[in-house]
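Chemist: Here it is: the structure, laid out below.
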Amino acid sequence: MAASKPLHFRETMPVKNTLWRAADLLILSLLTALLCCRLISTRRREALWIVAFLCEAWFTFVWLLHINSKWNPVRQITYPERLSKREFQVEDLPAVDMFLTTANPELEPPMITVNTVLSLLAVDYPPHKLACYVSDDGFSAATYRAMVEASEFARSWVPFCKKYAVQVRAPLHYFFGEPEPSPSISPDFLHDWEAMKRMYRELERRVEEAHLRGDTEPIFSQFDRENHPSVIKAIWENKGDPADGVPHLFYVAREKNPNHHHHFKGGAMNVLTRVSGVITNAPFMVNVDCDMFVNNPAVILHAMCLLLGFDMDKMSGFFLGRGMEGLQGPFYYGTGCFHRRNAIYGEAPDDPPFGRSRRLQSSAADIISGLRKTSLAIDDLAASMHAAVDVSSCSYELHSLWGDEVGWAYGSATEDIQTGLRIHAKGWRSVTLNPQPPIKRWATGVLENLVGQHSPLLAAVNGKLGRRQCLAYLLLNLWAARSLPELCYALLTPFSVVANTSFLPAGLAGVVPAAIFAIYNVYTVAEYLAVGESLRSWWNNQRMRRITAATAYLFGLLSVVAKLVGLSEAAFEITKKEVNAPAAAVNTGGFTFDASPLFVPATAVALLNSAALAAGTWRMLWAAPDGGGPGLGELACATWAVLSYSPFIVGLFRRAQYGLPRPTVVKASVLSFLFVLLSKLASS
């Protein structure tokens, strides 16, 4: 197939980064110098020196991966206004299927899903070219009723948003405050605003009542959440409505059976892909999580500027997030992403790759052949719904390539990263879309991908994954593996205090680690300020990197090791979402804790470094000098660790959810005591 000529809806701009490259190389040279100091030191055979050398060698390797991923930055500029120019008719815009996933009405309250759905239904795009599919893995009558209520409210909400060019189209956020006084505000707007707000409060009441009532639909009361047939409902059908009409809205609860693995979110996404394939079959798809509302109503127009502006055989879609634009493109982080449907299919629509459904095979053949569907009118809704029930059954994927070579990938807790890797390995590219305002406001799985059959190393050798893109994936896949070097390095100062030794070079060589520390922090601060972030954001992210290494990354590493030796399987856990005021308006300023073992290692690190700082300072100021022991460098490391883990230290003195539970403190104290005991034995 001949490549289509790129349209001028976007522009790729190289970003000058000479100073950043110089800083990258300076830090790399200092890290190399530190390693050389270790190698030529007279202490190079000491166990402490070897541990420090191995940690710093790891940091150097990770920094090389960072340099690779940032060396050739580019920026995409989109021109959505050109889509309405004379040479491009609006009717030529392709259709888009929108996917939203939710799995538990208790952890993901229906009103959160309602707001996200409403923001999708109200985007600035021809409504007859859109279809929204809501996947409910919780098999909840409350979620279904919420979608019915949302569709009724949308018939007023969508025209209101488009009439008054509302920017934030999730009503929870839009009605959080009052309209700002302005001479341009008309009485009609104020009247409509008040009426719409009353309607939204009524919607909230209805949805909450449905949630409290429980199962009111017969199908939901007859079956269990983990054992039920497919339930697919056409909640609203767009029959060629005007520009302010409401797009299609479908409710999808795939079949569940204890005898069949449902593959978590990856399985839900594959069902949505097949269900939409036999109903609307749009050539482009976008997926969002239930709590990720659309913040920019022109998002699909911006996306089309990219998707229509690249050769059909080269561009897979765009994966939101800053990253490897100068390589094959950024990673797929699982939400807020547009895909070409044929990039997700990636195979000829034969049996068994696409399963037994002839209707799905036919629709897939249309997509793979390059057919660009511009309308989502449904000719035979009853037949489409019947086919949708078939392709959403548990048995449909048996003896097919779904989850392996077709659709979202299975076998990992991070099905998104694995799916994106597979798409890149087939030669597709991805790009980032980051208009203003922004479009929208995981460690076990990524390491698992490195050691599995979908490793980026294998994809670089056997597929079309570029070598530098492979290194970029390594940077991501090694997140969990970073926990050991970082944890070891954080414990070197406490060990030095207990053993009355030091792990940093002395004399002039001591300038090297000090320079690395200073230059790296200035570098990262400059990065944050360059993209409009604050010093507070920088500091919060710096300390969270340290905390995550001792919590999520560490347990992610242990989980992968346990799976490799056959002791456990990775699980997919749903995080609790709050349906309160917008997050930006609520800031308690504190960390919350529970009795999870996740917090024990980090609490121990905080306790050990606090004690090391106190003991080391006392020894330096008041004890008789003995010519050895930790110096200013070690005390600076302890101070940095205490500041980084300060939420845990504060948690020792707070109560309720902001305080560390007593069992966590006891376990961390036992770990700290064992560390001190072993350190004394090792140094004796």
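Glycine is treated like the rest: Cβ placed from N, Cα and C.
I grabbed these lines from TrEMBL:
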TRANSMEM  20-40  transmembrane segment
TRANSMEM  47-66  transmembrane segment
BINDING   Glu108, Asp137  UDP-alpha-D-glucose binding site
ACT_SITE  Asp137  active site
BINDING   Lys265, Asp289  Mn(2+) binding site
ACT_SITE  Asp416  active site
TRANSMEM  504-526  transmembrane segment
TRANSMEM  547-566  transmembrane segment
TRANSMEM  632-653  transmembrane segment
Chemist: Determine, using Cα-Cα distances only, which of these binding-site residues is closest to Asp416 (active site): Glu108, Asp137, Lys265, Asp289.
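Modeler: Comparing Cα positions, the candidate nearest Asp416 (active site) turns out to be Lys265.
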Chemist: Do we see three or more Cβ pairs under 8 Å linking the transmembrane segment (20-40) and the transmembrane segment (504-526), pairs being at least 6 apart in sequence?
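Modeler: Yes, these stretches are in contact.
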Chemist: Please work out the number of neighbouring Cβ atoms within 10 Å of the Cβ of Asp137 (UDP-alpha-D-glucose binding site), leaving out its own Cβ.
Modeler: 24
Chemist: So which of 47-66, 547-566, 632-653 is most in touch with the transmembrane segment (504-526), counting Cβ pairs under 8 Å?
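Modeler: Top-ranked stretch among 47-66, 547-566, 632-653: 632-653.
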Chemist: Can at least 3 Cβ pairs under 8 A be found between the transmembrane segment (547-566) and the transmembrane segment (47-66), with each pair 6 or more apart in sequence?
Modeler: no
Chemist: What's the CA-CA gap between Asp289 (Mn(2+) binding site) and Asp137 (UDP-alpha-D-glucose binding site) in angstrom, rounded?
Modeler: 13
Chemist: Validating a neighbour-count step here. Other CB atoms within 10 A of the CB of Glu108 (UDP-alpha-D-glucose binding site): how many?
Modeler: 25
Chemist: Where else in the chain does the transmembrane segment (47-66) make close Cβ contacts, counting only residues six or more beyond its ends and a cut-off under 8 Å?
Modeler: 24, 27-28, 31-32, 34-35, 38-39, 41, 471-472, 474-475, 478, 482, 485-486, 488-489, 492, 495-496, 499, 501, 503-504, 682
Chemist: Could you give the residue numbers and ranges of same-chain residues that sit at least 6 residues beyond the transmembrane segment (632-653) on either side and whose C-beta is under 8 angstroms from one of its C-beta atoms?
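Modeler: The answer is 490, 492-494, 496-497, 502-504, 510, 513-514, 517, 542-543, 546-547, 550, 590-591, 593, 599, 602-603, 605-606, 609-610, 612-613, 616-617, 620, 659-660, 665.
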Chemist: Quick one: pull the CA-CA distance for Asp137 (UDP-alpha-D-glucose binding site) versus Lys265 (Mn(2+) binding site), whole Å only.
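Modeler: Asp137 (UDP-alpha-D-glucose binding site) to Lys265 (Mn(2+) binding site), Cα-Cα distance: 9 Å.
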Chemist: Return only the integer: C-alpha distance in Å from Glu108 (UDP-alpha-D-glucose binding site) to Lys265 (Mn(2+) binding site).
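Modeler: Glu108 (UDP-alpha-D-glucose binding site) to Lys265 (Mn(2+) binding site), Cα-Cα distance: 14 Å.
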Chemist: Select one residue from Asp289, Asp416: among these recorded positions, choose the one with the most other Cβ atoms within 10 Å of its Cβ.
Modeler: Asp416
Chemist: Test of understanding: give the count of other CB atoms lying within 10 angstroms of the CB of Lys265 (Mn(2+) binding site).
Modeler: 23
